[in-house]
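Novice: Annotations per TrEMBL:
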type	residues	note
ACT_SITE	A:H393	active site, GMP-histidine intermediate
BINDING	A:D91, A:H200	Mn(2+) 1 binding site
BINDING	A:N199, A:H200, A:F201, A:L202, A:E203, A:H320, A:N321, A:S376, A:H393, A:G394, A:A395, A:G396, A:K469	GMP binding site
BINDING	A:H231, A:H320	Mn(2+) 2 binding site
Amino acid sequence: MEWVEERSFRYRIEPSGGMRVPGIVFATRDLLTDAEQSLEQVIHVAALPGIVAASYAMPDIHWGYGFPIGGVAATDVDAGGVVSPGGVGFDISCGVRLLAADRDGDEFRPALTAVMDGLDRAIPRGAGPGGVWRPDGPGELERLLAGGSRYAVERGHGEERDLLRCEDGGAVADADVTQVGQRARERGLGQVGSLGSANHFLEVQQVTEVYDVPAATAFGIEPGQVCVMIHCGSRGLGHQICTDHVRVMDRAMTRYGITVPDRQLACTPVDSPEGRAYLGAMAAAANYGRANRQLLSDAARAVFRRAVGARLSLVYDVSHNLAKIETHPVAGRCRRLCVHRKGATRAFPPGHPELPEDIREFGQPVLIPGTLGTASYVLAGVPVGDAFHSTCHGAGRTMSRHQAARTVTGSELRVRLRQAGIAARPKSWRGLTEETPEAYKDVDAVVAASEGAGLCRKVARLVPLGVVKG
DNA sequence: ATGTTC
């Protein structure tokens, strides 16, 4: 495979074979160690009908279902461009929410154990059913799928102000609940307000560095402050929707004369019954993911209020697994594009009209969850940007789950976290071994490469005081 | 990511 360094932090794969556009990978050589398979996936994505500009990959690129995780691909809706469930991934609308406490870390420290014990009891997590809130029936689930965080707030699980700090005001408008299958609904009903497992978490963190004081101040964070970060998605509901619609598209592709280099790229035109059906169901899952994070915030707020009388204010909520119809210039002309971001975060520039007014001039907040025991970041969108205003989403795996679990035992991990002064409340220590930080890239390097590539800028760095995981 | 192999 031929890939050349165009400039620092930017590599290019020239089109060849079925590629319609080049591959552009933002990274360093170090971050691309053993990335052959995921770069092969960047090349596959470049063959999608209607793809424009390039098949992009972020510094946290790793191997995924069909598309790489850390991939961005935009297709021209009005030129037969396709939508592909694999370009969003199984965990539709997986994303991150950051809340800031009205407490400084030093002042908070003595209460950490009580807060963590409270969270341990209050936060449902791990595989399978269980959630903080059970809809009273199929009708209420439908209202939640249509209304997202907005519906959760209407039902008393949050503050009206929260919605101002959510991407899309807490709900995407184009959810089509009729495209959510029965099985997805059944799975979704029992998991509203739950973390799930794997790299999902709820952390109590402390701001250790602020790189951009005006932006941090506007976002509502300052040095030393205690925060809560929630990383989770749409659980079994999103997974089932992806499964169902991949199957439909896999069968329908030939009718549209579409061939793709890998069946896992199953797709149909955005403007087709199958494409519209997927996007409608995906939007419903997006709203489920947002309601999920809203309800977990509500549960965390109750713990903080009872244990220490602290308040939590929403900084921002943003997804990193989503396809969106957005307008961007392509070759000097404004085009309606279906932008797939899979393990990539939207990073709108300063002044973008969709950003909340009080933070608009600083660019969109981007929330980067670290791995177990490591730092997390708040970034912001920049004026020029690239890849349709996208940046990284996290550290990115380098080891399989199985491989990771062999490198460390649960009790070793327990000792390491205790020595680092991090209060961990896992569902199982054994399960935590799959998430050992050696199994991931260095999040500091990923963020440095993203900033170096001109995709975003650093606003703040946070470290964990306590972690709740599946 | 996932009732972790329909």
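The backbone N, Cα and C atoms fix where each Cβ goes, and this holds for glycine too.
Let's see these features in context: how buried, what's close, how far.
Specialist: For A:H393 (active site, GMP-histidine intermediate), other Cβ atoms within 10 Å of its Cβ number 29.
Within 10 Å of the Cβ of A:H200 (Mn(2+) 1 binding site) there are 23 other Cβ atoms, across all protein chains.
Sequence-distant neighbours of A:N199 (GMP binding site): residues of the same chain at least 6 apart with a C-beta under 8 Å from its C-beta are A:H231, A:P369, A:T371, A:G394, A:E435.
In the three-state DSSP scheme, A:H231 (Mn(2+) 2 binding site) is classed as strand.
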Novice: DSSP on A:D91 (Mn(2+) 1 binding site), three-state: which is it?
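Specialist: In three-state terms, A:D91 (Mn(2+) 1 binding site) counts as coil.
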Novice: Nearest to A:D91 (Mn(2+) 1 binding site) in three-dimensional space, by Cα, is which of the binding-site residues A:F201, A:E203, A:H320, A:K469?
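Specialist: Answer for the nearest of the binding-site residues: A:H320.
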Novice: For A:F201 (GMP binding site), which residues in the same chain are close in space, meaning a Cβ under 8 Å from its Cβ, but six or more apart along the sequence?
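Specialist: A:F201 (GMP binding site) has long-range Cβ partners A:L195, A:M229, A:I230, A:H231, A:P369, A:L372, A:V467, A:V468, A:K469.
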Novice: Give me the count of other Cβ atoms within 10 A of the Cβ belonging to A:E203 (GMP binding site).
Specialist: 26
Novice: I'd like to know which of the binding-site residues A:H231, A:H320, A:K469 has the most other Cβ atoms within 10 Å of its Cβ.
Specialist: A:H320
Novice: Give me the count of other Cβ atoms within 10 A of the Cβ belonging to A:D91 (Mn(2+) 1 binding site).
Specialist: 25
Novice: What recorded positions in the list A:H200, A:E203, A:H393, A:A395 lie within 10 angstroms of A:H320 (Mn(2+) 2 binding site), counting C-alpha atoms?
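Specialist: Neighbours among recorded positions, in sequence order: A:H393.
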